[in-house]
Amino acid sequence: MPTMVDEHTPPVVAVVVAAGLGTRFGGPVPKQVTSLTGKAVVAVAVESLAAGGCDEAVVVVKEGMHNHLQLALAASPIPVHFVTGGNTRQESVRNGLRFIAQHHRLSDATTVLIHDAVRPLVPAYVVENVIAAVENGAVAVTPVVDVVDTIRQVDGDTSSVVDRSTLRAVQTPQGFKRDIITECHEQLSIEGGSVTDDISCCERYGHHATFVEGSRMSLKITEPVDLDVAEVFAKAAAGAGRHSGRRIGRMLHAVKPSTVARKLGRGSRR
């Protein structure tokens, strides 16, 4: 039974984007509901968010997929709401934010996270640190990891190596002051612009981004081989936890102690 947040405490709400087509993944079912250690990928993602401090989730789904997602999330540890996505990820996020703004309880939220359902194994400490950074005053927060591969910029028959010392790979969940990210998405919709992620949406309108440490565990499931790797990661985390009855998100919590962006210095909110 999902635990409801104290009515006097503004909830931390996660918009979980699960409306993608998954054309590169293929397979008989969408990757969001593909099995990962016996559970749907989206269910594992919501459990991981809950383990890190999210109180409720708004899952954005493709039209016609509501029943599949409701079944997949029937045992969610936190309350889950469903909203139909748009033609693009950007539209889907905006639909999720509008749902929160119009909901009698969720509209009290001041902190919102936006997460890709296909990053199911995000460790709890990453979620905690994103939330803590926002609650300590950051407007837009994203987890990042170092780029470890050599990157070449290719132009026809010529190429050059890109200095990777300042490059970072961006992950989710990204965290925001709800009023600001909502305003930015609405303005972007009016202008007809497009961005690659929600941090870019905030930066477009002059807001500063804050970075916290991400995790290699939080891989994005794009192709079938990614699911195989995620399966190995999840089983390894479960073995390390030695608690077969605990949620995957809780087991991943033990992988690394909680650390927030150094300049903010904040522990877990729970």
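One is the number of the first residue shown, and numbering goes on along the chain from there.
Backbone N, Cα and C define each Cβ position, glycine as well.
Features reported for this protein in Swiss-Prot:
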type	residues	note
SITE	ARG24	site 'Transition state stabilizer'
SITE	LYS31	site 'Transition state stabilizer'
SITE	ARG164	site 'Positions MEP for the nucleophilic attack'
SITE	LYS220	site 'Positions MEP for the nucleophilic attack'
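Features as recorded by Swiss-Prot, highlighted on the structure.
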{"residue": "LYS31", "record": "site 'Transition state stabilizer'", "DSSP class": "helix"}
{"residue": "ARG164", "record": "site 'Positions MEP for the nucleophilic attack'", "DSSP class": "helix"}
{"residue": "LYS220", "record": "site 'Positions MEP for the nucleophilic attack'", "DSSP class": "coil"}
- prompt: Whole-number Å distance between the CA of LYS220 (site 'Positions MEP for the nucleophilic attack') and the CA of LYS31 (site 'Transition state stabilizer')?
  reply: 11
Query: Can you tell which of LYS31, ARG164, LYS220 has the most other C-beta atoms within 10 Å, given these are the recorded sites?
result: LYS31
Field: Inter-residue Cα distance where the pair is ARG164 (site 'Positions MEP for the nucleophilic attack') and LYS31 (site 'Transition state stabilizer'), in Å
entry: 31
